[in-house]
Amino acid sequence: MHPDLLPHLRCPVCGQPLHQADAAPPRALRCPAGHSFDIARQGYVNLLTGRAPHVGDTAEMIAAREEFLAAGHYDPFSAALATAAARAVPRRVRPGDGVGEPVAYPDLVVDAGAGTGRHLAAVLDAVPTAVGLALDVSKPALRRAARAHPRAGAAVCDTWGRLPLADATVAVLVNVFAPRNGPEFRRVLRPDGALLVVTPTAEHLVELVDRLGLLRVDPAKDARVADSLTRHFEPAGQSTHRHRLQLTRKEVLTLVGMGPSAWHTDPARLTARVAALSEPVTVTAAVRLARYRPI
């Protein structure tokens, strides 16, 4: 766990600060009340209390996602998110530099529902003054996220519940194709912080939906996202990003296997349908990046 993350973390049981247990290397985080949370050998800390009510992505889904993202297919989305995050972080310097606003250093970027941490890593590359925390309920995802970037850490938690973070401590919170917890996002964001939400548009993977029997994007998704956040945030702008992918049949299988359709598609039927596609398979990738300010 990166030491600069510790001031931001809180015990999920009692809410007190966490510190690394005395060991070399540290194998647990503890609070003054004695609650202890193991650090896995892969580097992530388990801050989940009890059993999560939501099932995280499986090891197979995470392996597919890592393979697909590593090929660069969604890099334009990561780049757009990184640019937005860099613009959202106020210019902050160490006390005594004479420029900007001297505050505690560095800033914290949190990815809620981080998956493998690839998008968080892109943001940290664009914001060199920040450290990052990947939150997810999937341990297979966090095994990768914990090593996604030298300035990143990772923690298992249920993002539908109380986040293991101090009040008003996050500079930028990013949320990519993941559940949104408006009250908690507002609690942990600084008053000058920013929430960046990436969701698929109706065009996303449209060429595959009918041919492969995939889940459709809800036409009312944008309205539902806005409604879920309206009590705690005000819109600060949005942009749409789309590009065309040229995929092999194997890459199409990987793409389907990494997302929610993997839970709802019969593998044998999917394989047969993909085998009937002509290569290269042209697929539209399209997302909306919405920016919000706390109110």
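Glycine residues also receive a Cβ, built from the backbone N, Cα and C atoms like all the rest.
Per Swiss-Prot, the features are as follows:
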type	residues	note
BINDING	CYS11, CYS14, CYS31, HIS35	Zn(2+) binding site
BINDING	TYR74, THR116, GLY117, HIS204	S-adenosyl-L-methionine binding site
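All features noted in Swiss-Prot, drawn onto the structure.
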{"residue": "CYS11", "record": "Zn(2+) binding site", "DSSP (3 states)": "coil"}
{"residue": "CYS31", "record": "Zn(2+) binding site", "DSSP (3 states)": "coil"}
{"residue": "TYR74", "record": "S-adenosyl-L-methionine binding site", "DSSP (3 states)": "coil"}
{"residue": "THR116", "record": "S-adenosyl-L-methionine binding site", "DSSP (3 states)": "coil"}
{"residue": "HIS204", "record": "S-adenosyl-L-methionine binding site", "DSSP (3 states)": "coil"}
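On a Cα basis, HIS204 (S-adenosyl-L-methionine binding site) lies 39 Å away from CYS11 (Zn(2+) binding site). Taking the Cβ of TYR74 (S-adenosyl-L-methionine binding site) as centre and 10 Å as the limit, one finds 24 other Cβ atoms among all the protein chains shown. Note: HIS204 (S-adenosyl-L-methionine binding site) has non-local neighbours VAL217, THR284, ALA285, ALA286, VAL287, i.e. same-chain residues 6+ apart with C-beta under 8 A of its own C-beta. Distance from the CA of GLY117 (S-adenosyl-L-methionine binding site) to the CA of CYS14 (Zn(2+) binding site) is 28 Å. Applying an 8 A CB threshold to same-chain residues 6+ apart, the list for THR116 (S-adenosyl-L-methionine binding site) reads ILE62, ARG65, GLU66, LEU69, ALA141, ARG144, ALA145, ALA148. Proximity of GLY117 (S-adenosyl-L-methionine binding site) to non-local residues of its own chain (separation of 6 or more, Cβ distance below 8 Å) is seen for ASP111, ALA134, ALA141, ARG144, ALA145, ALA146, ARG147, ALA148, HIS149, ALA152, ALA154, given in sequence order. By the criterion of other Cβ atoms within 10 Å of the residue's own Cβ, the least surrounded of the binding-site residues CYS11, CYS14, CYS31 is CYS14.
Of the recorded residues, CYS31 (Zn(2+) binding site) and TYR74 (S-adenosyl-L-methionine binding site) place their C-alpha atoms 39 Å from one another. TYR74 (S-adenosyl-L-methionine binding site) and HIS35 (Zn(2+) binding site) are 40 Å apart (CA-CA, integer value). Neighbour count (other Cβ atoms within 10 Å of the Cβ, all protein chains): 17 for HIS35 (Zn(2+) binding site).
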